[in-house]
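J.: Pulled from TrEMBL, these are the listed features:
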type	residues	note
REGION	15-66	region 'Disordered'
COMPBIAS	39-66	compositional bias 'Low complexity'
REPEAT	186-227	repeat 'WD'
REPEAT	228-259	repeat 'WD'
REPEAT	274-308	repeat 'WD'
REPEAT	322-361	repeat 'WD'
REPEAT	366-406	repeat 'WD'
Amino acid sequence: MELYGRKTFWSFLEEDQRAPPSPTSHHHHHHSNKDSEPRLSLSRPSSATVASLSPSSPGGSPWTLSPIRRSPSPSLLYHCIASLQRQDGNVYSIAISRGVVFTGSDSDRIRVWCQPDCTDRGYIRTHHGRIRAILAHGGTLFTSHKDHRVRVWSVFVAGPDRLQSKKLATLPPRTPSFLPFHRKKFNQHRDTISCLACHHAEGLLYTGSWDRTVKVWRLTEKACVDSFVAHEGQVSAMLVNQEDGCLFTSSTDGSVKIWRRVYGDSSHALTVVLRFQTSPVNTLALSHSSSSCFLYSGSSDGYVNVWEKEAASGRYNHGGFLQGHRFAVLCLAAVERVVLSGSEDTTIRVWRREEGTGFHTCLAVIEGHRGPVRCLAVSLEVEREGVGLLLYSASLDRMVKVWRIKVVGKEREGEEGMEEEGEGEGKEVVFEMSPVLSPLWVEKKLQRSHLY
(Lines of atoms letter the chains of each structure in order from A and count residues from 1; the text may use other names and numbers.)
(Lines give C-alpha, C1' and ligand atoms only; values in the text may rest on other atoms or scores of the structure.)
Protein backbone atom coordinates (compact mmCIF):
# COMPACT_ATOMS: atom_id res chain seq x y z
CA MET A 1 0.00 0.00 0.00
CA GLU A 2 1.55 3.27 -1.05
CA LEU A 3 1.47 6.11 1.42
CA TYR A 4 0.71 9.54 0.05
CA GLY A 5 1.78 12.74 1.74
CA ARG A 6 3.22 16.13 1.09
CA LYS A 7 6.75 14.83 1.67
CA THR A 8 8.20 11.39 2.29
CA PHE A 9 11.59 10.17 3.36
CA TRP A 10 12.53 9.64 -0.27
CA SER A 11 11.85 13.24 -1.24
CA PHE A 12 14.59 14.34 1.14
CA LEU A 13 17.14 11.65 0.32
CA GLU A 14 18.98 13.63 -2.35
CA GLU A 15 19.05 16.70 -0.10
CA ASP A 16 20.55 14.64 2.75
CA GLN A 17 23.21 13.29 0.41
CA ARG A 18 24.16 16.74 -0.90
CA ALA A 19 24.20 18.61 2.37
CA PRO A 20 26.06 17.61 5.55
CA PRO A 21 23.70 16.71 8.42
CA SER A 22 23.19 19.28 11.12
CA PRO A 23 21.63 19.06 14.57
CA THR A 24 17.85 19.53 14.31
CA SER A 25 15.42 20.48 17.01
CA HIS A 26 11.88 19.07 16.99
CA HIS A 27 9.00 19.92 19.28
CA HIS A 28 5.62 18.27 19.40
CA HIS A 29 2.74 20.66 19.08
CA HIS A 30 0.42 19.12 21.61
CA HIS A 31 0.68 20.46 25.18
CA SER A 32 4.46 20.12 25.66
CA ASN A 33 6.73 22.39 27.67
CA LYS A 34 8.91 23.81 24.95
CA ASP A 35 11.70 25.02 27.23
CA SER A 36 12.19 21.71 28.99
CA GLU A 37 12.27 19.40 25.96
CA PRO A 38 15.78 18.46 24.78
CA ARG A 39 16.66 18.22 21.15
CA LEU A 40 16.07 14.63 20.15
CA SER A 41 17.06 12.77 17.05
CA LEU A 42 19.26 9.96 15.85
CA SER A 43 22.68 9.08 17.21
CA ARG A 44 25.24 6.87 15.58
CA PRO A 45 25.36 3.22 16.68
CA SER A 46 27.26 2.62 19.88
CA SER A 47 30.75 1.20 19.59
CA ALA A 48 30.39 -0.73 22.85
CA THR A 49 31.15 -4.43 22.82
CA VAL A 50 28.15 -6.66 22.16
CA ALA A 51 27.56 -10.34 22.90
CA SER A 52 26.21 -12.74 20.27
CA LEU A 53 23.69 -15.49 20.95
CA SER A 54 22.28 -18.19 18.71
CA PRO A 55 18.68 -19.34 18.69
CA SER A 56 17.89 -22.90 19.68
CA SER A 57 16.62 -24.03 16.29
CA PRO A 58 18.97 -24.61 13.32
CA GLY A 59 18.95 -22.06 10.52
CA GLY A 60 17.77 -19.29 12.85
CA SER A 61 18.90 -15.68 12.86
CA PRO A 62 21.72 -14.30 15.04
CA TRP A 63 20.94 -12.22 18.13
CA THR A 64 22.72 -9.15 19.43
CA LEU A 65 22.50 -7.78 22.97
CA SER A 66 22.84 -4.02 23.34
CA PRO A 67 24.20 -2.08 26.34
CA ILE A 68 21.85 0.03 28.45
CA ARG A 69 21.15 3.38 26.84
CA ARG A 70 19.90 6.27 28.98
CA SER A 71 17.52 8.62 27.22
CA PRO A 72 17.85 12.42 27.38
CA SER A 73 14.72 12.47 29.57
CA PRO A 74 15.04 11.47 33.25
CA SER A 75 11.51 10.05 32.98
CA LEU A 76 12.59 7.09 30.87
CA LEU A 77 15.30 4.45 30.69
CA TYR A 78 15.50 1.97 27.84
CA HIS A 79 17.81 -0.58 26.29
CA CYS A 80 17.69 -3.10 23.47
CA ILE A 81 17.78 -6.62 24.90
CA ALA A 82 17.68 -8.54 21.60
CA SER A 83 17.92 -8.05 17.84
CA LEU A 84 16.89 -10.51 15.16
CA GLN A 85 18.04 -10.18 11.56
CA ARG A 86 15.96 -11.79 8.79
CA GLN A 87 17.94 -13.24 5.91
CA ASP A 88 15.32 -12.23 3.33
CA GLY A 89 11.93 -10.54 3.22
CA ASN A 90 10.29 -8.03 5.53
CA VAL A 91 8.34 -8.47 8.76
CA TYR A 92 4.85 -6.96 8.35
CA SER A 93 3.15 -7.74 11.65
CA ILE A 94 3.77 -8.61 15.30
CA ALA A 95 1.31 -9.90 17.89
CA ILE A 96 1.66 -10.87 21.58
CA SER A 97 -0.48 -13.22 23.65
CA ARG A 98 0.20 -15.15 26.87
CA GLY A 99 3.92 -14.48 26.81
CA VAL A 100 4.29 -15.63 23.20
CA VAL A 101 5.32 -13.36 20.30
CA PHE A 102 4.21 -14.06 16.72
CA THR A 103 5.68 -12.43 13.60
CA GLY A 104 4.40 -12.48 10.02
CA SER A 105 6.55 -11.79 6.98
CA ASP A 106 7.03 -12.32 3.25
CA SER A 107 7.41 -16.06 3.83
CA ASP A 108 4.63 -18.55 4.55
CA ARG A 109 5.89 -19.14 8.09
CA ILE A 110 4.58 -17.62 11.29
CA ARG A 111 7.60 -17.36 13.56
CA VAL A 112 6.97 -18.08 17.24
CA TRP A 113 9.08 -16.58 20.05
CA CYS A 114 8.85 -16.46 23.83
CA GLN A 115 9.03 -13.33 25.93
CA PRO A 116 10.90 -11.42 27.02
CA ASP A 117 13.98 -11.79 24.79
CA CYS A 118 12.45 -13.66 21.81
CA THR A 119 13.71 -17.16 22.52
CA ASP A 120 13.04 -19.16 19.36
CA ARG A 121 10.13 -21.61 19.65
CA GLY A 122 9.90 -22.60 16.01
CA TYR A 123 7.31 -21.69 13.40
CA ILE A 124 3.90 -22.48 11.93
CA ARG A 125 3.99 -23.25 8.21
CA THR A 126 0.87 -21.98 6.44
CA HIS A 127 1.58 -22.86 2.76
CA HIS A 128 -0.28 -19.72 1.66
CA GLY A 129 2.39 -17.08 1.06
CA ARG A 130 2.91 -13.66 2.59
CA ILE A 131 1.42 -13.04 6.05
CA ARG A 132 0.31 -9.41 6.06
CA ALA A 133 -1.59 -9.12 9.36
CA ILE A 134 -1.58 -11.06 12.65
CA LEU A 135 -4.01 -10.84 15.56
CA ALA A 136 -3.66 -12.89 18.76
CA HIS A 137 -6.15 -13.30 21.60
CA GLY A 138 -5.71 -15.92 24.31
CA GLY A 139 -4.81 -19.19 22.62
CA THR A 140 -6.29 -18.16 19.25
CA LEU A 141 -4.27 -16.69 16.39
CA PHE A 142 -5.63 -15.00 13.24
CA THR A 143 -3.47 -14.49 10.14
CA SER A 144 -4.17 -12.93 6.73
CA HIS A 145 -2.52 -14.31 3.60
CA LYS A 146 -1.63 -13.68 0.00
CA ASP A 147 -4.74 -15.50 -1.24
CA HIS A 148 -6.99 -12.87 0.47
CA ARG A 149 -8.12 -15.32 3.13
CA VAL A 150 -7.74 -15.53 6.91
CA ARG A 151 -6.58 -18.61 8.81
CA VAL A 152 -7.61 -19.25 12.41
CA TRP A 153 -5.18 -21.21 14.59
CA SER A 154 -5.18 -22.71 18.05
CA VAL A 155 -1.77 -22.38 19.70
CA PHE A 156 -0.95 -24.22 22.91
CA VAL A 157 2.05 -25.22 25.02
CA ALA A 158 3.20 -28.75 24.28
CA GLY A 159 6.25 -28.76 26.53
CA PRO A 160 8.78 -26.54 28.27
CA ASP A 161 10.48 -25.63 24.99
CA ARG A 162 7.81 -26.28 22.39
CA LEU A 163 4.47 -24.94 21.19
CA GLN A 164 1.97 -26.77 19.02
CA SER A 165 -0.63 -25.34 16.65
CA LYS A 166 -3.76 -26.56 14.94
CA LYS A 167 -5.64 -24.84 12.12
CA LEU A 168 -9.26 -24.32 13.14
CA ALA A 169 -10.73 -22.59 10.10
CA THR A 170 -10.16 -20.76 6.82
CA LEU A 171 -12.24 -17.64 6.20
CA PRO A 172 -13.89 -17.75 3.79
CA PRO A 173 -13.84 -21.52 3.25
CA ARG A 174 -13.10 -22.83 -0.20
CA THR A 175 -16.29 -22.14 -2.14
CA PRO A 176 -17.97 -24.99 -4.01
CA SER A 177 -18.26 -24.28 -7.72
CA PHE A 178 -22.06 -24.55 -7.70
CA LEU A 179 -22.58 -21.52 -5.41
CA PRO A 180 -23.76 -18.35 -7.17
CA PHE A 181 -21.20 -15.66 -8.05
CA HIS A 182 -22.75 -12.94 -5.85
CA ARG A 183 -22.34 -15.18 -2.80
CA LYS A 184 -18.64 -15.65 -3.54
CA LYS A 185 -18.22 -11.91 -4.01
CA PHE A 186 -19.89 -11.19 -0.66
CA ASN A 187 -17.50 -13.53 1.19
CA GLN A 188 -14.21 -12.94 -0.58
CA HIS A 189 -11.94 -9.88 -0.43
CA ARG A 190 -10.62 -8.85 -3.84
CA ASP A 191 -7.32 -7.39 -2.60
CA THR A 192 -4.83 -7.68 0.26
CA ILE A 193 -6.28 -8.00 3.77
CA SER A 194 -4.33 -5.26 5.51
CA CYS A 195 -5.73 -5.38 9.06
CA LEU A 196 -7.66 -7.50 11.55
CA ALA A 197 -9.72 -6.71 14.64
CA CYS A 198 -11.84 -8.79 17.01
CA HIS A 199 -14.79 -8.07 19.29
CA HIS A 200 -14.15 -10.65 21.98
CA ALA A 201 -17.51 -10.56 23.76
CA GLU A 202 -19.51 -11.09 20.55
CA GLY A 203 -17.10 -13.48 18.85
CA LEU A 204 -16.81 -11.26 15.76
CA LEU A 205 -13.74 -10.96 13.55
CA TYR A 206 -13.32 -7.90 11.31
CA THR A 207 -11.13 -7.93 8.19
CA GLY A 208 -10.15 -4.72 6.40
CA SER A 209 -8.76 -4.71 2.89
CA TRP A 210 -7.15 -2.61 0.19
CA ASP A 211 -10.35 -3.25 -1.78
CA ARG A 212 -11.92 -0.56 0.53
CA THR A 213 -14.28 -3.01 2.23
CA VAL A 214 -14.68 -4.41 5.74
CA LYS A 215 -16.10 -7.89 6.27
CA VAL A 216 -17.50 -9.24 9.53
CA TRP A 217 -17.17 -12.91 10.48
CA ARG A 218 -19.02 -14.76 13.21
CA LEU A 219 -16.43 -17.20 14.49
CA THR A 220 -18.86 -19.77 15.87
CA GLU A 221 -20.49 -20.10 12.45
CA LYS A 222 -17.29 -19.50 10.42
CA ALA A 223 -19.40 -17.33 8.16
CA CYS A 224 -19.41 -13.76 6.85
CA VAL A 225 -22.39 -11.96 8.41
CA ASP A 226 -21.80 -8.44 7.06
CA SER A 227 -19.79 -6.72 4.34
CA PHE A 228 -19.66 -3.02 3.54
CA VAL A 229 -17.59 -0.44 1.67
CA ALA A 230 -15.92 1.46 4.51
CA HIS A 231 -13.84 4.13 2.74
CA GLU A 232 -13.07 5.77 -0.58
CA GLY A 233 -9.46 4.59 -0.24
CA GLN A 234 -7.69 1.49 1.02
CA VAL A 235 -8.50 0.43 4.58
CA SER A 236 -5.23 0.79 6.47
CA ALA A 237 -6.05 -0.02 10.12
CA MET A 238 -8.86 -1.16 12.39
CA LEU A 239 -9.50 -1.62 16.09
CA VAL A 240 -12.45 -2.39 18.36
CA ASN A 241 -13.32 -0.68 21.63
CA GLN A 242 -13.98 -3.75 23.76
CA GLU A 243 -16.04 -1.71 26.23
CA ASP A 244 -18.79 -0.63 23.83
CA GLY A 245 -18.13 -2.66 20.69
CA CYS A 246 -17.48 0.36 18.43
CA LEU A 247 -15.34 -0.34 15.37
CA PHE A 248 -12.72 2.23 14.25
CA THR A 249 -11.38 2.15 10.69
CA SER A 250 -8.80 4.35 8.97
CA SER A 251 -7.90 4.80 5.34
CA THR A 252 -5.63 6.38 2.78
CA ASP A 253 -8.54 8.76 2.05
CA GLY A 254 -7.50 10.67 5.21
CA SER A 255 -10.45 9.76 7.41
CA VAL A 256 -11.14 7.77 10.55
CA LYS A 257 -14.64 6.31 10.82
CA ILE A 258 -16.55 4.92 13.79
CA TRP A 259 -19.08 2.14 13.20
CA ARG A 260 -21.62 0.60 15.55
CA ARG A 261 -23.42 -2.70 15.15
CA VAL A 262 -27.16 -2.36 14.70
CA TYR A 263 -28.96 -3.75 17.75
CA GLY A 264 -30.41 -7.18 17.10
CA ASP A 265 -28.80 -7.38 13.67
CA SER A 266 -25.47 -8.25 12.08
CA SER A 267 -25.22 -5.07 10.01
CA HIS A 268 -23.14 -2.02 10.94
CA ALA A 269 -23.99 1.67 10.77
CA LEU A 270 -21.61 4.60 10.37
CA THR A 271 -21.91 6.91 13.38
CA VAL A 272 -19.24 9.56 12.81
CA VAL A 273 -16.36 10.53 10.51
CA LEU A 274 -13.23 12.01 12.09
CA ARG A 275 -11.10 14.09 9.76
CA PHE A 276 -8.71 16.84 10.75
CA GLN A 277 -6.15 16.75 7.93
CA THR A 278 -6.24 15.38 4.39
CA SER A 279 -3.13 13.26 4.80
CA PRO A 280 -3.60 9.46 4.59
CA VAL A 281 -4.10 7.74 7.95
CA ASN A 282 -1.89 4.67 8.33
CA THR A 283 -2.44 3.42 11.88
CA LEU A 284 -4.69 3.63 14.96
CA ALA A 285 -4.35 3.07 18.71
CA LEU A 286 -6.80 3.30 21.60
CA SER A 287 -5.87 4.16 25.19
CA HIS A 288 -8.17 3.79 28.21
CA SER A 289 -7.91 4.97 31.79
CA SER A 290 -10.40 4.96 34.66
CA SER A 291 -11.87 8.29 33.60
CA SER A 292 -10.92 8.84 29.95
CA CYS A 293 -10.58 7.31 26.50
CA PHE A 294 -8.20 8.57 23.80
CA LEU A 295 -7.98 7.61 20.14
CA TYR A 296 -4.69 8.16 18.27
CA SER A 297 -4.27 8.18 14.48
CA GLY A 298 -0.89 8.29 12.73
CA SER A 299 -0.66 9.97 9.32
CA SER A 300 1.67 10.26 6.35
CA ASP A 301 2.41 13.90 7.21
CA GLY A 302 4.28 12.76 10.36
CA TYR A 303 1.59 13.84 12.86
CA VAL A 304 -0.21 11.74 15.44
CA ASN A 305 -3.71 13.18 15.88
CA VAL A 306 -5.32 12.88 19.31
CA TRP A 307 -9.08 12.43 19.80
CA GLU A 308 -10.60 12.49 23.29
CA LYS A 309 -13.93 10.87 24.07
CA GLU A 310 -16.51 12.92 25.97
CA ALA A 311 -17.77 11.01 28.97
CA ALA A 312 -21.34 12.32 28.71
CA SER A 313 -22.04 12.27 24.97
CA GLY A 314 -19.53 9.65 23.81
CA ARG A 315 -18.40 12.04 21.07
CA TYR A 316 -14.72 12.17 20.06
CA ASN A 317 -13.26 15.69 19.99
CA HIS A 318 -9.96 16.60 18.38
CA GLY A 319 -7.46 17.38 21.12
CA GLY A 320 -4.44 18.42 19.05
CA PHE A 321 -1.62 16.41 17.55
CA LEU A 322 1.80 15.05 18.52
CA GLN A 323 4.52 16.51 16.36
CA GLY A 324 8.08 15.24 16.11
CA HIS A 325 8.45 12.68 13.34
CA ARG A 326 9.96 13.97 10.13
CA PHE A 327 8.08 11.57 7.87
CA ALA A 328 5.08 9.24 7.82
CA VAL A 329 3.89 7.60 11.04
CA LEU A 330 3.43 3.93 10.12
CA CYS A 331 2.50 2.27 13.42
CA LEU A 332 1.22 3.06 16.91
CA ALA A 333 0.95 1.17 20.20
CA ALA A 334 -0.55 2.28 23.50
CA VAL A 335 -0.49 0.88 27.02
CA GLU A 336 -1.67 2.69 30.14
CA ARG A 337 -0.76 6.37 29.58
CA VAL A 338 2.20 5.63 27.30
CA VAL A 339 1.92 5.92 23.52
CA LEU A 340 4.60 4.72 21.09
CA SER A 341 4.88 5.76 17.46
CA GLY A 342 7.04 4.23 14.74
CA SER A 343 7.91 6.18 11.62
CA GLU A 344 9.35 6.17 8.15
CA ASP A 345 12.14 8.34 9.61
CA THR A 346 13.51 5.11 11.27
CA THR A 347 12.76 6.26 14.85
CA ILE A 348 10.35 5.28 17.62
CA ARG A 349 8.99 8.04 19.85
CA VAL A 350 7.76 7.49 23.38
CA TRP A 351 4.97 9.81 24.58
CA ARG A 352 3.34 10.07 28.00
CA ARG A 353 -0.12 11.48 28.64
CA GLU A 354 -0.49 13.43 31.85
CA GLU A 355 -3.22 12.22 34.17
CA GLY A 356 -6.35 14.37 34.15
CA THR A 357 -5.12 17.01 31.69
CA GLY A 358 -4.61 15.11 28.43
CA PHE A 359 -1.26 16.88 27.93
CA HIS A 360 1.36 14.76 26.14
CA THR A 361 5.12 14.84 26.63
CA CYS A 362 7.72 13.23 24.36
CA LEU A 363 9.98 11.30 26.73
CA ALA A 364 12.50 9.99 24.20
CA VAL A 365 13.32 9.13 20.62
CA ILE A 366 14.53 5.54 20.31
CA GLU A 367 16.94 4.89 17.47
CA GLY A 368 18.47 1.66 16.29
CA HIS A 369 16.72 0.71 13.06
CA ARG A 370 18.14 1.50 9.63
CA GLY A 371 14.84 1.55 7.78
CA PRO A 372 11.21 2.64 8.30
CA VAL A 373 9.65 1.16 11.44
CA ARG A 374 6.76 -0.92 10.07
CA CYS A 375 5.06 -2.38 13.17
CA LEU A 376 5.08 -2.27 16.97
CA ALA A 377 3.72 -4.48 19.74
CA VAL A 378 3.97 -3.77 23.45
CA SER A 379 3.23 -5.57 26.70
CA LEU A 380 3.18 -4.31 30.27
CA GLU A 381 5.59 -5.20 33.06
CA VAL A 382 4.44 -3.87 36.44
CA GLU A 383 7.29 -2.55 38.56
CA ARG A 384 7.41 -0.92 41.96
CA GLU A 385 9.20 2.23 40.79
CA GLY A 386 7.23 2.82 37.61
CA VAL A 387 5.78 1.29 34.48
CA GLY A 388 7.89 -1.33 32.72
CA LEU A 389 7.28 -2.09 29.04
CA LEU A 390 8.50 -4.70 26.60
CA LEU A 391 8.44 -3.22 23.11
CA TYR A 392 8.85 -5.25 19.92
CA SER A 393 9.61 -3.32 16.74
CA ALA A 394 10.03 -4.48 13.15
CA SER A 395 11.54 -2.42 10.37
CA LEU A 396 12.09 -2.60 6.63
CA ASP A 397 15.78 -3.06 7.44
CA ARG A 398 14.70 -6.69 8.13
CA MET A 399 15.39 -6.32 11.83
CA VAL A 400 13.16 -7.17 14.77
CA LYS A 401 14.29 -5.53 18.01
CA VAL A 402 13.19 -6.03 21.58
CA TRP A 403 13.34 -3.02 23.93
CA ARG A 404 12.91 -2.95 27.69
CA ILE A 405 11.53 0.46 28.66
CA LYS A 406 11.09 1.83 32.15
CA VAL A 407 8.91 4.91 32.64
CA VAL A 408 9.57 6.32 36.12
CA GLY A 409 7.04 8.18 38.26
CA LYS A 410 7.14 11.87 39.08
CA GLU A 411 8.91 11.47 42.45
CA ARG A 412 11.59 9.19 41.05
CA GLU A 413 11.95 11.48 38.03
CA GLY A 414 12.80 14.38 40.31
CA GLU A 415 15.43 12.33 42.16
CA GLU A 416 17.13 11.21 38.97
CA GLY A 417 17.05 14.74 37.60
CA MET A 418 18.88 16.02 40.71
CA GLU A 419 21.48 13.25 40.40
CA GLU A 420 22.20 14.17 36.80
CA GLU A 421 22.58 17.85 37.68
CA GLY A 422 25.13 16.91 40.34
CA GLU A 423 27.16 14.81 37.92
CA GLY A 424 27.77 17.67 35.55
CA GLU A 425 25.99 20.96 35.11
CA GLY A 426 25.51 22.68 31.81
CA LYS A 427 25.51 19.48 29.77
CA GLU A 428 23.36 19.64 26.65
CA VAL A 429 22.32 16.43 24.92
CA VAL A 430 22.45 16.82 21.16
CA PHE A 431 22.24 13.95 18.67
CA GLU A 432 23.06 14.02 15.02
CA MET A 433 20.11 13.58 12.64
CA SER A 434 21.60 11.33 9.99
CA PRO A 435 19.63 8.10 9.58
CA VAL A 436 21.53 5.34 7.80
CA LEU A 437 19.14 3.76 5.33
CA SER A 438 19.05 0.06 4.61
CA PRO A 439 20.26 -0.50 1.02
CA LEU A 440 17.49 -3.05 0.52
CA TRP A 441 14.85 -0.51 1.52
CA VAL A 442 16.37 2.14 -0.77
CA GLU A 443 16.35 -0.32 -3.67
CA LYS A 444 12.67 -1.12 -3.12
CA LYS A 445 11.82 2.55 -2.76
CA LEU A 446 13.41 3.20 -6.14
CA GLN A 447 11.23 0.48 -7.62
CA ARG A 448 8.15 2.18 -6.06
CA SER A 449 6.84 -1.14 -4.79
CA HIS A 450 4.25 -1.55 -2.03
CA LEU A 451 6.57 -1.12 0.95
CA TYR A 452 4.03 -0.70 3.71
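Glycine is treated like the rest: Cβ placed from N, Cα and C.
I'd like these features described in context: how deep, what's nearby, how far apart.
T.: For the repeat 'WD' (186-227), the model's average pLDDT works out to 95.
Residue counts for the repeat 'WD' (228-259) by DSSP state, with H, G and I taken as helix and E and B as strand, are 0 helix, 17 strand, 15 coil.
Same-chain neighbours of the repeat 'WD' (274-308): 3-6, 8, 29-30, 233, 236-239, 241, 243, 248, 250-258, 316-337, 339, 341, 343, 345, 351, 353, 355-356, 358, 360, 452, counting only residues six or more beyond its ends whose CB sits under 8 Å from a CB of the stretch.
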J.: Take the repeat 'WD' (366-406) and count its residues per DSSP category (helix H/G/I, strand E/B, coil), listing them in that order.
T.: 0 helix, 29 strand, 12 coil
